Amino acid sequence: GALLVSERIDREELCGALSPCSLSFEIVVENPLELYSGAVEIQDINDNDPVFPSSQARLEISESVAAGARFPLESAQDPDVGVNSLQTYQLSANPHFALDVQTRVDGSKYAELVLEKELDREEQRELHLVLTALDGGSPPRSAHVQIHIDVVDANDNAPVFNQSAYKASVRENTPSGTLVARISAYDLDDGPNGDIVYSFSSHTPAKVRELFALDSATGELRVKGQLDYEETKLYEIYLQAKDKGAVPGMAHCKVLVEVVDVNDNAPEVTVTSVYSPVPEDAAPGTVVALLSVTDLDSHDNGLILVQVSDVNDNAPKSSQDSYDVYVLENNVPGIPILNVSATDPDLGRNAHLSYTLLQGDPTVGHIFSINRENGTLYLLTSLDHEDQVEFSMMVQVQDGGSPPLATNVSVSVFVTDLNDNAPTVLYPHPNTTTTYTDVVAPGTPAGHMITKVVAVDADAGYNAWISYTLLQATDPSLFSVGLHSGEIFTARQLREDEAPQHTLVILLKDHGEPVLSASATVSISVAEMVKEVFTDLTDMAPANDPRRHVTFYLILAVILVSAAFFITMLSVGIFKCYKWRQSKELFNSSRSTLYRTPGPFHHIDAVRGGFTPPNFYHQVYLTTDSRQSDLLCKKPFTSSPLGSRQSTMRNGEPGLYHQIVGTTSRLPTPAE
């Protein structure tokens with residue numbers, strides 16, 4: 001007799017909103033046969049959420065609605081009954097609306113929005129609220145709906161101009177349609193309430209309406225008629241802006257238009273009085289007539305101008321009297337190196353300037369060219385500092401007057417040196433088949449000078465400063481080279497068992513950028529006597545015939561050495577006498593002049609074996625102690641065919657003289 005549930009029971013499906021919900025049934029009992037009636041009450045559980053008809057709701061509320069207004073909201077539905085049914089509503093926090101929950105007769109709940117604070121569309125165009133429906137279950141079930149409120153505009157704002165007054169100026173001959181000013185106003189309202197129409201104010205004179213036109217949509221004020229400065233100089237135009245609301249708002253502004261005078265009136269000459277006839281003997285200065293001149297235009301437009309014709313009374317004037325230009329050698333031909341500028345205060349052709357290069361030096365015309373119109377000086381060829389270091393020329397600036405006036409400007413072009421020449425070895429001569437062998441005896445102490453490498457560099461200044469280093473040697477520990485003198489010394493004392501023949505390779509480098517270099521080969525023989533040297537040289541003869549004519553070559557060598565020694569001594573004696581006389585004349589002339597321009601002098605460097613390098617010339621300014629002072633060149637002179645040279649002099653050489661500015665000094669002999 002147990003009563004069982006055969007399937008899941010859904011109270012909402014069976015009874016809906018009816019409460020209580022019960023199911024009736026009958027039971028038949030056999031033996032004896034009996035009929036019983038029964039009923040089952042289905043109790044509700046909270047198994048359903050409240051449901052809103054839609055997930056979003058939209059309301060349109062005018063900003064003019066007063067506080068306290070109510071706005072019903074759609075209710076949520078919950079199929080549960082009793083305490084599980086919909087019990088209340090909640091509204092998200094906001095400054096304008098509150099929620100009022102009401103109960104119907106059947107017990108169901110509904111909600112209304114109540115306006116607590118008036119809306120302002122210009123402050124906030126729309127609001128977003130969330131309405132929540134809650135049932136009474138444990139835990140409670142809920143539903144949400146988004147409420148979107150559009151604040152409808154009301155015409156509660158009048159138009160406002162960007163500025164209360166506008167200013168503009170137009171010329172009196174301005175054509176019709178020319179823009180004078182653009183006025184602008186804004187309205188915070190929307191739709192027709194915010195649409196603005198521009199117009200003339202009611203009290204605007206008809207004359208202004210004839211001269212000016214206003215675009216009602218854009219606010220552009222344009223010229224409509226013919227303006228005349230002589231008639232009216234200033235117009236004060238009043239304009240207004242209105243919206244299109246039912247009760248339109250209005251704003252006003254004014255535009256001040258200044259009419260600018262143009263020279264549209266010719267002068268009028270009036271003869272106020274004439275003294276006629278005039279006696280033939282009237283003196284100069286007698287008044288013949290009185291004239292008056294008037295012009296309706298203003299300011300400068302109303303003056304009588306007297307034109308003063310120009311006379312070519314001003315010569316061209318350069319910004320500077322002379323120019324010094326420095327150009328690197330090996331330049332690219334055709335480059336501009338200078339712009340000679342000049343001005344002329346005259347007018348017209350009298351102020352038209354032309355530039356000419358005066359042909360004082362015929363070589364200048366082949367090397368330089370000047371633009372006749374703008375005074376740009378061009379270099380036509382590539383310059384070489386070793387050929388010529390300075391060019392002087394004269395530029396003539398002439399105007400176009402009649403007769404023309406001219407000004408001369410001096411231009412000096414200095415060729416700046418580049419390190420484009422490697423050191424040149426003078427001794428030992430690199431391009432000869434003759435072998436120069438220096439002899440040194442065994443037992444020679446350290447520091448003894450054996451010979452010297454003589455070299456020059458055609459560049460100038462730092463680019464010509466030569467340094468000497470020992471690049472390769474038979475015995476590197478035996479010899480050393482002076483860094484700046486090129487002198488070869490013994491680095492230690494020579495022993496008896498030293499190799500008889502030594503070959504040194506000297507590297508010569510300048511100090512330019514980039515560094516250029518050369519090399520010199522020096523042969524040194526270690527022997528007691530000259531005979532040993534010749535024996536060594538004989539040993540180095542070709543191996544195919546070592547004994548052939550040995551006696552003949554020895555005798556010939558002795559004769560040649562003796563002759564060379566005699567000629568050398570004779571030349572040195574003659575040279576010393578010549579320098580003594582020259583120094584005496586220089587000393588006599590220096591008594592009246594403290595300084596004099598240095599003339600050419602000879603750099604002589606004697607080395608062992610009687611070698612004297614070729615003479616070369618250079619003009620310099622040196623201090624009185626030239627070994628301890630730098631070379632100071634104030635201005636380069638004409639260079640020799642070898643160019644600027646560098647050489648070093650030794651203090652122990654007899655008969656050597658050094659010429660400096662205002663002083664001639666003789667270096668001491670070994671005996672002294």
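In case you wondered, yes, glycine gets a Cβ from its N, Cα and C as well.
As recorded in TrEMBL:
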type: DOMAIN; residues: 53-161; note: domain 'Cadherin'
type: DOMAIN; residues: 162-269; note: domain 'Cadherin'
type: DOMAIN; residues: 319-425; note: domain 'Cadherin'
type: DOMAIN; residues: 432-544; note: domain 'Cadherin'
type: TRANSMEM; residues: 552-575; note: transmembrane segment
type: REGION; residues: 642-672; note: region 'Disordered'
type: COMPBIAS; residues: 661-672; note: compositional bias 'Polar residues'
Secondary structure content of the domain 'Cadherin' (432-544), with strand meaning DSSP E or B: 14 helix, 44 strand, 55 coil
For the domain 'Cadherin' (319-425), the number of residues DSSP places in helix, strand and coil: 10 helix, 50 strand, 47 coil
For the domain 'Cadherin' (162-269), the number of residues DSSP places in helix, strand and coil: 10 helix, 48 strand, 50 coil
Secondary structure content of the domain 'Cadherin' (53-161), with strand meaning DSSP E or B: 3 helix, 54 strand, 52 coil
